[in-house]
Amino acid sequence: MINARNTWVYGLDSIRFMLATVVLIGHSGFIPDYELGSDPSIIAMAVKLTLANTFVGIAAVIGFFVISGFVIHFPYRNGKPLHVSEFYSKRLLRIVLPLLVMFLLCWMFRLKVPFVVWSLYCEIIYYLFYPLLYRHLISKPKNVDILIVGSIMLALLAIGWFTNDFNVLLQHKVKETANFHTPNHLLNWIFGFPAWLMGVRIAVHFDKIANSDTAFKKVVLLRVLVWLVAMTCSVLRFHFAVSYKITFIPAFSYLCYVWMATEISYYTAHRPIKWLENGGKWSYSIYLFHMIFVDLYLHWIQPESVFAHILKLIVVLVFCYVMYLLVERPSHQLIKRIKLR
């Protein structure tokens, strides 16, 4: 369903909440590591491999990038004027204000800044780029395909030039396999840009996507497929020296594009589950603050049972919701008042 102002598609917040939960579980140590013994059975190895790769946080981040690209271009897809100063102030403050509070908490509790901030820096760069892309997207919507192809080529060149991923794969150096992001925050945006532009493409072709009849079984099938492929990419990364950058650009990013387009098509004609949609309202707080509260929790309590791990997730979610009430929601209320020309 679309809101009255035709600027938002209901159902996206539900997906955001699911993605944020995947990131939280993946980073919280909810699935404990354990030894298999000297002579494990095939079933035991398969179970451990499945559990260890069930919640792939970086795969969820790719989903976030696709949603972000869609959300940014959706209100402007039909040529709505873009007021750059208002756009920058609203979009950047939405990210930066809670981010500053997160930095403050890290300083107060003497914690390392969570590595998840790399994706937020990418988002900031994409927002800065968007006004430069806007005119080309409005004058000729097919330009988005050229941009996507160009971004994929740029990303592959960056992998070959600035990283060692291809050499690690060829020499099968599993222990040297890199993460999707690098320590260079000025470089990471290149790797996520194809996925973000694919989200923009969904917005460009929204009218066609919205008019297609999408069955729920197709949505479920794609959800399962994305999950299985994400697990496979994780196995390749940790056991076969194939980095996420190699599997995600463009293959997994494109799969996320197809999945998200299908979700959006479905939700334009169907109402989402209310509690999931409400959960998505504070998904940014979950993503931004969860590692701080996981670290603080583990500083005081070392969970050993399944119940203790579940309790840890509940406690972290509660504190993330508190941060939503104290930081994220007031930030949104402030941003809504901004009208610059």
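Here the Cβ of each residue, glycine as well, is placed from N, Cα and C on the backbone.
Predicted, not measured: the structure shown is a model, and the values here were computed from it.
TrEMBL lists 7-31 (among others) with the feature transmembrane segment. Through the fold, the transmembrane segment (7-31) approaches residues 1, 51-52, 54-57, 59-61, 63-64, 67, 70-71, 74-75, 116, 260, 263-264, 266-268, 270-273, 276-281, 283-284, 286-287, 290-291, 294, 298, 309-310, 312-313, 316-317 of its own chain, all at least 6 residues removed from its boundaries and within a Cβ separation under 8 Å.
Look at TrEMBL and you will find 10-324 tagged as domain 'Acyltransferase 3'. Over the domain 'Acyltransferase 3' (10-324) the predicted model carries a mean pLDDT of 93.
According to TrEMBL, the feature transmembrane segment maps to 51-72 (among others). Within the chain carrying the transmembrane segment (51-72), a Cβ under 8 angstroms from the stretch's Cβ atoms is held by residues 8, 12, 15-16, 19-20, 22-23, 25-27, 30-31, 33, 91, 119, 122-123, 126-127, 130, 179-181, 192, 195-203, 226, 230-231, 233-235, 238, 244, 248, 252-253, 256-257, 259-260, 264, 287, all 6 or more beyond its ends.
Distant neighbours of the transmembrane segment (92-110): 117, 120, 123-124, 127, 284-285, 288-289, 292, 296, 323, 327-328, 331-332, 334-335, 338; these residues of the same chain sit at least 6 beyond its ends, with a Cβ under 8 Å from one of its Cβ atoms. The transmembrane segment annotation in TrEMBL covers 92-110 (among others).
Marked as transmembrane segment by TrEMBL: 116-134 (among others).
According to TrEMBL, the transmembrane segment annotation covers 146-163 (among others).
The transmembrane segment feature in TrEMBL is assigned to 186-204 (among others).
Annotated transmembrane segment per TrEMBL: 224-242 (among others), in sequence order. Same-chain residues lying 6+ beyond the ends of the transmembrane segment (224-242) with a Cβ under 8 Å from its Cβ atoms: 49-50, 52-54, 56, 59, 63, 168-169, 171-174, 176-177, 248, 252, 255-256, 259.
For 248-269 (among others), the entry in TrEMBL reads transmembrane segment.
As annotated by TrEMBL, transmembrane segment applies to 281-300 (among others).
The list of residues near the transmembrane segment (306-327) in space but at least 6 beyond its ends in sequence, with Cβ under 8 angstroms from a Cβ of it, reads 24-25, 28-30, 32, 97-98, 101, 281-282, 284-286, 288-290, 293-294, 297-298. What TrEMBL lists as transmembrane segment is 306-327 (among others).
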Report the listed stretch (116-134, 248-269, 281-300) having the maximum count of Cβ pairs within less than 8 Å of the transmembrane segment (186-204).
248-269
Other than its close neighbours in sequence, what residues sit by the transmembrane segment (146-163), given a CB gap under 8 Å and a spacing of at least six beyond its ends?
133, 136, 178, 182, 184, 187, 190-191, 193-194, 197-198, 200-201, 243, 245-246, 249-250
